[in-house]
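What follows is a single structure, written as structure tokens, with notes after it.
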Amino acid sequence: MSQTTHRDLEKDLEGGNDPDGHRDHPLDHPQSTPNQPLQGESNFGDSSGPLFSIYSKVAEEEDDKMVERWQKDADGILIFTGLFSAAVAALLAVTVQDLRPNSQDTSAFYLGNIYQVLADPNVTLPSSPTPVAKPPPFSRPRYAVWVNSLWFLSLVMSLSCALWATSLHQWARRYIRLTQPARCSPEKRARIRAFFANGVDEMHVPWAVEGLPTLLHLSLFLFFGGLVIFLFNVDQEVFTCVVSWIGLFSIVYGLITLLPSIRQDSTYNTPLSIPAWFLYASIGYVTYRGLEFITGSYGNYDAWYRYRHLGDRYRGWVSGGLEKKAEETTEEQSSEIDIRILGWTISALGDDNSLEKFFEAIPGFFNSKLVKHLERDFPGILLETFWDTLNRFIGRTSSSNSVTKSVKSRRDIICKVDHQHDTLSLWSCAQQSLLPFSCPF
């Protein structure tokens, strides 16, 4: 082998090549890889920092809103449970006496026997002690057992709600402390937040928050049940008065519970609304299957078609699918809803600056596909409200001394005011494209 060949071989070995011409792969020597990120740094390079910063900012805003909702719910529950527990405890202090023998009754029994002996002149005192009559064995009233059982259970549930609400405050503060660490890189901060946010979802913490009102409502109805039994055995007139109100309240509560099952746009809701919907849907599903079996036809009953996917609908309700269903419904009723949106916007805007932006968007609205879609359904009274609001807006602008000339000029351009002919040309054309009556200016 020549001297040149030996030198080339040495260079290849020193440079990482084997004699066969294969170079070492960087993964074979990870400690010598210069571009490997350090622990806690982004795997995507330094340029990914802004992305993680945006995520952290948006996530922290959402977390703050979520925690604020939790704490407000917990505060309201703590106030109610404090007052409710005090009322139940005061009543229990009276009714618990019925569960144990009363020493006054025993004393009255013995005093009555002594009085009978002393009052009878024919009775002679025995020369030797005789057995003393004992009072009858104590028997707890059956109603007292029921009343105290229901009220004690109600009190325990109420105190459990208070403890749960207090713990919720601690959970919220701990979550914020863990997900918003100080002196941390954007990448690490984002990963920590994602880690604990996933834990909140996996451990169903929102369900724990929703469980508080459920437990509180249950404790309240247990108290009502005990109150009905107690008053029935104490006074019939008071019983009739109180039960009338409890019955009326129960009917209203039941209607509020069932309304979300009947109307999906209902904002009324109770902790029992989801179980009530599940029962309602189950009855519909069984009815649908029964009609299929009886008639031998499948898929012809549109009224019951929505119950075919009962499980999916129930899971969708629980997981927040009600919002998705609302989106589907609004798409189907878009014409009617859009008209309500416009009417509410006109009536709600009172500030001239807001009205200016609103009128600036109106010409484009009249030329949009939406208005062509609404031509038959567009109510004339809504257009009259348009003109009335526009007239007042232009009148305030022209008569106000606080409005500058530039603002007046801009608003004239927006509203297409022709002061020379006193017309609203573009608005008149837009109006005539919808309804046959003329502009009132």
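Yeah, the Cβs are placed from backbone N, Cα and C, and that goes for glycine too.
A TrEMBL annotation is a machine prediction, not a hand-curated record.
According to TrEMBL, the feature region 'Disordered' maps to 1-47.
Under the heading compositional bias 'Basic and acidic residues', TrEMBL lists 1-28.
As annotated by TrEMBL, compositional bias 'Polar residues' applies to 30-46.
Feature annotation from TrEMBL assigns domain 'DUF6535' to 54-233.
Marked as transmembrane segment by TrEMBL: 76-96 (among others).
Residues or ranges marked as transmembrane segment by TrEMBL: 143-165 (among others). Outside the transmembrane segment (143-165) by six or more residues, the chain places 73-75, 77-78, 81-82, 84-85, 88-89, 91-92, 95-96, 98-99, 208, 211-212, 215-216, 218-220, 222-223, 225-226, 229-230, 232-233 with a CB less than 8 A from a CB of the stretch.
Same-chain neighbours of the transmembrane segment (215-234): 77, 80-81, 84, 88, 95, 141, 143, 146-151, 153-155, 157-158, 160-161, 164, 242-243, 246, 270-272, counting only residues six or more beyond its ends whose CB sits under 8 Å from a CB of the stretch. Annotated transmembrane segment per TrEMBL: 215-234 (among others), in sequence order.
Beyond its flanks by at least six residues, the transmembrane segment (241-262) meets 224, 227-228, 231, 268-270, 272-273, 276-277, 280-281 of its own chain at Cβ-Cβ distances under 8 Å. The feature transmembrane segment is assigned by TrEMBL to 241-262 (among others).
Per TrEMBL, the feature transmembrane segment maps to 274-291 (among others).
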